[in-house]
Amino acid sequence: MSELIFENGPEEKIDIPAAEGDKNGKPQGMAVLNDPLHGMYIPTFLLISGSFIMYFITSYKRCLLFIPITAFILIYRFTMARLNVKRELNFDTWTELELEDKFIISRDTCIYTFKLNSARESLNCPPGFSVAIQAFEHVDTGDVLFDLPKIKETEVGDEDKTAEDSFVHDYRESLEEESVLLEKEEENVFNLDDPSKYKEIVRFYNPISSNQAKGTFDLLIKSDPKGKFSKKMASNSYNGLKLKFKGFVGTYNHSDSTKEFDKLVMLTGGSGITPMLQVITKSVEDEDSLSIDLIYCNKTKKDILLKQELDDIAQSTKRINTTYITEESVGLLSFHDINSKVDDLQKTRFLICGNEGFNKHVIKLLKDNYKIDPELSEKQIFVF
Ligand SMILES: Cc1cc2nc3c(=O)[nH]c(=O)nc-3n(C[C@H](O)[C@H](O)[C@H](O)COP(=O)(O)OP(=O)(O)OC[C@H]3O[C@@H](n4cnc5c(N)ncnc54)[C@H](O)[C@@H]3O)c2cc1C
């Protein structure tokens, strides 16, 4: 059993108030106007043709006033469309983004919401791709910082001078000043922590929010009690914390799935659910015809992440099914579990994501039991 990291307990909202506004953009009723057909083409056509018809019927010139009004609406709509920016993170330089919210979803896992630069931006991360986050580790102590230590410019000497310049102190006052100086000195020693003593560490996470979400994006981070970055995030992250991101990283190609296969069998464990959720979301949003069987393996029932969300998707979309396997009740994933989801092997693609041991176990089950064309095997058995 893994160590309990979050004291607040599962499913409890912590420290940061809920994000303001609608994370998914405009309210549902108005969302239809974001579609160019409904938001631009139809209103333009109706206003211009209406103005001409009225003018021909009535010969009343004021009817033509609708034409500049239409032009204004068009300019407005184009401007709004341009402001709805898709954010591509830069692959070469770090982009600083701020933590806005965090939400504990299990004893060791949290969803972190990061703010994009504007409420109209959305993170355009391809399914199966991840973002990289930068941190720094002290080479001697192993301490992890989200940013390199900064040297403060306060000089202890300056404070001393001020004290010396003043002739009249009573004994008590001078004692107080001395203790303040000592504190400053300690602070300076701390701040003089040599940045060259830190080495960069980089960790990868798959955003789980839809690319249609505006203004923010979500990362699910499972905290490893012995891990450097994930443990620091669990214990030391706060509203307003700025982290540096690069992106996007990955090799999964969703059009390979839709063009060459009919079915995806997803074999995953623990936080490996994140790329699977991205692919499921993409498939649902595109309304493609893939049938998807997710087999999600965990140690115990409590470790199953996002179960409610996954069940909701499976309920609303018949072509998506979920199966949960826990070590405590069923044991390890078996070939029978996998084979029960396969109808036509040639048309089935296996997507795998778990820890090293899980991936090895699953690949061995597939290769030992199926005759998979070696040329096809890399495409047919895709490991995130
Ligand atoms: C492409 C990609 C996408 C990912 N997406 C997600 C995601 O969406 N969500 C998520 O939670 N995670 C994801 N991960 C995993 C994530 O990037 C981190 O690896 C994870 O959070 C652990 O990082 P850490 O710094 O906390 O642990 P680390 O410090 O890297 O340690 C991890 C484990 O390895 C052990 N270890 C470290 N060094 C050694 C050593 N020298 N010898 C033996 N054992 C050692 C530690 O004890 C610890 O148990 C992804 C990984 C990749 C590559």
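In case you wondered, yes, glycine gets a Cβ from its N, Cα and C as well.
What TrEMBL says about a protein is an automatic prediction, not a curated fact.
From a predicted model like this one, the values you see are computed outputs, not experimental measurements.
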Worksheet, complete the sentence: Out of THR251, THR258, THR268, THR274, TrEMBL lists as part of the FAD site with ARG203, TYR205, LEU220, LYS222, LYS228, SER230 the residue THR274
Worksheet item: Non-local Cβ contacts of SER230 (FAD binding site) (under 8 Å, 6 or more apart, same chain)?
Response: ARG203, ILE221, LYS222, SER223, ASP224
Item to complete: Could you give the residue numbers and ranges of same-chain residues that sit at least 6 residues beyond the transmembrane segment (40-57) on either side and whose C-beta is under 8 angstroms from one of its C-beta atoms?
Response: 63-67, 69-70, 73-74, 77-78
